[in-house]
Amino acid sequence: MEKTDVQKSIAIEAKNISKTFKISENSHNTVKHRLFNIFNPPKTKYVPAIKNMSLEILQGECIGLLGRNGSGKSTLIKLLAGVYPTDSGYVKIKGTTMLMNLGVGMSHELTARENIYVSGSVLGLKIKEIDAIFHQIIDFAELDGFIDSKIKFFSSGMVARLGFSIAVNAGADIMFLDEIFAVGDVKFQEKAVKVFESSWIKGRTVILVSHSMDVIKQYCNRAVFMKNGEMKYVGDTEKAIEMYMEDNH
Amino acid sequence: MLLQDSVTWFKKNNKLERLWLLAKIEFKLRYYENRLGLFWALLKPILDICIYYLVFQIILKQDIPAFASYLFIGLIFYNFFIESTSGTISLLHTKKYLYEYSNMNKLEIYISTLMSNVIGFSFNLIMFMLFYNLIEPESMGLSFYNFWIIPVFVNIFILALGVSLILSNIFIYAKDITQIWQVIATLLLFTSPIFYKLTSFKQALPTFDHLNPIAGIIINARRVMMQGVSPDFSLMLFDYGYACSFLIIGLILLNKIGSKAAEKL
């Protein structure tokens, strides 16, 4: 390996972050409710989702995130992407982030064309750059003929394909991919996997959440294993998978 | 050197482009969705003026010179303020798709929405100027003082942005702020000299021209557009004071409460 790899700069630095969700049983969402219930505060439950974690993600690395349902993977992703604020510690993000699970940030009131321009722009592209990749996005999503229809009239598969296509073709500096291989029919999934096998993933910072061990094994050079909101292991992918499999039994 | 730096910043950065793109789409959504389209944006103030003209000039016989223009300029400023505040209370909810999946700065969402209102306001202001200079019989014509409308408008823009930030962040915790604000909006409408003669307004409600920022802004807009005099600088200072204080409070709220919008809404 070249020496430059050693000096790779940090894309995300998270230090001592934690997140606790407050869940009230009866939400006092109006002024009236709050006034009438001053002496009867709602019962609140505290759910610690992330407990004091530190993590550094280098630029250009693909890191896997493993853990059972409810282990805090999605919360961690949202904290690292800057969507949720942390309760303690800090997250330093260098560049634009994009969080992708079944849908990405698209408005159902807008047409496919408008959504492509808005998303592309939010991801940091200039209008000219979006013009250049516009047809690529449409072709990849197989949405010819629906360019100027509002996506609220699309099937859920069409919306998901559009989201995936925007993510693949526009892409932020740092991508968070949350179980994205569940998108579309078999044919589209094959296409999606092909993208990953091509050079797309190289040079990008990717945080990959998946329950498919093959996917993690194939693309990630490091992996994180999480349990009950704690980071149990960071490092070798094989070892993380082993720990995750043990946890499942 | 500095110029060169800022030119390269503009070339590399897509922030302004993004604001303009979002503003255009917002404007299109608002006006092209209904059948009357953009025509409605022009028709609405004319119909409003007809109604108020009937009530205040013909029935109540207020006898204000150039009353149609007097109403016109007052209403377009008031409407801009209301559209930018009432219309944005649930902004963090309706525009969630923009910040839920990325680390986009939320302030940009506010500015772009207000910019789409600026487009509508500009149409109305051009209509006003055509009306005042070509149709209004008691017009005083164009004057260099008209340029003062720019700082007066910047004033109401900052004020609207500040109030919009405050309301939409309160909305996260108290949804009925919408109803409360409707009452306050009506109060602001009737405690501004939009329909009344300025002298009788000042007599009946002394200090209200300084207390109600909308009143001050409308008074100054009329001075520079209709009376051909410079704005009342003490009023302007007051109104910039209000606008900046609201903006600072709004930005603090956005930082404290707005950052939690993704998980609370």
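From the backbone N, Cα and C atoms, a Cβ is placed for every residue, glycine too.
The structure displayed is predicted, hence computed values, not measured ones.
Straight from TrEMBL, the features:
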type: TRANSMEM; residues: B:36-55; note: transmembrane segment
type: DOMAIN; residues: B:36-257; note: domain 'ABC transmembrane type-2'
type: TRANSMEM; residues: B:67-93; note: transmembrane segment
type: TRANSMEM; residues: B:114-135; note: transmembrane segment
type: TRANSMEM; residues: B:147-173; note: transmembrane segment
type: TRANSMEM; residues: B:180-198; note: transmembrane segment
type: TRANSMEM; residues: B:233-254; note: transmembrane segment
Is the transmembrane segment (B:147-173) packed against any residues at least 6 beyond its ends, judged by a Cβ distance under 8 Å, and which are they?
77, 80-81, 84-85, 88-93, 110-111, 113-114, 117-118, 121, 125, 181, 213-214, 217, 220-221, 223-225, 230-231, 236, 239-240, 242-251, 253-254, 257-258, 260-261, 264-265
Name the range, of those listed as B:36-55, B:67-93, B:114-135, that has the largest tally of Cβ pairs under 8 Å with the transmembrane segment (B:180-198).
B:67-93
Counting only residues 6 or more past its boundaries, what in the same chain has a CB within less than 8 Å of a CB in the transmembrane segment (B:114-135)?
19-20, 22-24, 26-27, 30-31, 38, 41-42, 45, 66, 68-69, 72-73, 76, 79-80, 83-84, 87-88, 141-142, 149, 153, 157, 160-161, 164, 225-226
